[in-house]
């Protein structure tokens with residue numbers, strides 16, 4: 001088994017999962033609420049995760065599994081696959097196009113690879129330590145190193161968090177510096193777009209690993225940077241060009257008390 005084998009498997013799995021979800025939506029689906037009106041799950045989420053999990057158990061039996069919808073297996077190999085069968089389920093369920101299937105392979109040093117498939121446009125991003133990021137097999141251009149006032153930011157903040165000062169303050173400090181901002185509802189699509197410079201920077205707080213690792217791998221394999229910034233009891237996940245990520249981090253750190261701000265800057 002080689003890294004090329006893992007990459008080929010990941011690409012096949014996200015394409016299969018995304019295609020299955022799209023077919024199931026066309027046949028008719030209903031959503032079930034998880035934690036809120038906007039946090040829903042469908043039969044397609046479960047079926048796509050089962051498809052991916054079944055193949056990984058068969059073809060990578062010693063690897064661990066962690067899925068958004070509950071798939072779990074211990075890692076005997078030191079490697080774990082993180083599965084997000086439908087990232088952006090609210091969009092998916094309501095007929096919007098900004099959703100995907102995403103997968104990452106991770107070890108103790110971080111993401112080995114990430115794969116994101118956007119069924120609505122038939123675009124598949126693939127990248128990792130040994131594979132510069134591609135979109136449909138074509139290498140993406142290296143991430144352009146531009147400042148915030150020249151780029152679009154992709155981000156997300158749940159409406160309930162707008163009333164929480166420790167959340168809105170760092171988010172607003174960073175967002176006001178951007179040329180423009182988008183909140184579209186799928187972290188992995190946003191991060192795939194960041195890897196090919198459609199988006200200049202991305203940031204979101206307290207991400208689940210299946211929302212973070214696939215896109216983290218893509219951005220880093222395209223020459224971008226990623227960073228975790230703890231502010232106000234929350235961890236902000238940042239990705240994009242070195243300059244833009246640094247500016248977002250600096251803006252957020254300014255919201256810390258002085259002693260914490262000085263420590264974070266060191």
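Every residue, even glycine, has its Cβ placed from backbone N, Cα and C.
Automatic prediction, not curation, is the source of TrEMBL annotations.
Feature annotation from TrEMBL assigns Mg(2+) binding site to 68, 84, 87, 211.
On the structure: features taken from TrEMBL.
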residue: 68; record: Mg(2+) binding site; DSSP class: coil
residue: 84; record: Mg(2+) binding site; DSSP class: strand
residue: 211; record: Mg(2+) binding site; DSSP class: helix
Cβ atoms near residue 84 (Mg(2+) binding site) (within 10 Å, other residues, all chains): 33
Protein Cβ atoms within 10 Å of residue 87 (Mg(2+) binding site), excluding its own: 29
Least surrounded among the binding-site residues, given as 68, 211, when other CB atoms within 10 Å are counted: 68
Other residues, Cβ within 8 Å of 68, 84, 87, 211 Cβ centroid (Mg(2+) site): 83, 85, 86, 102, 187, 188, 208, 210, 214
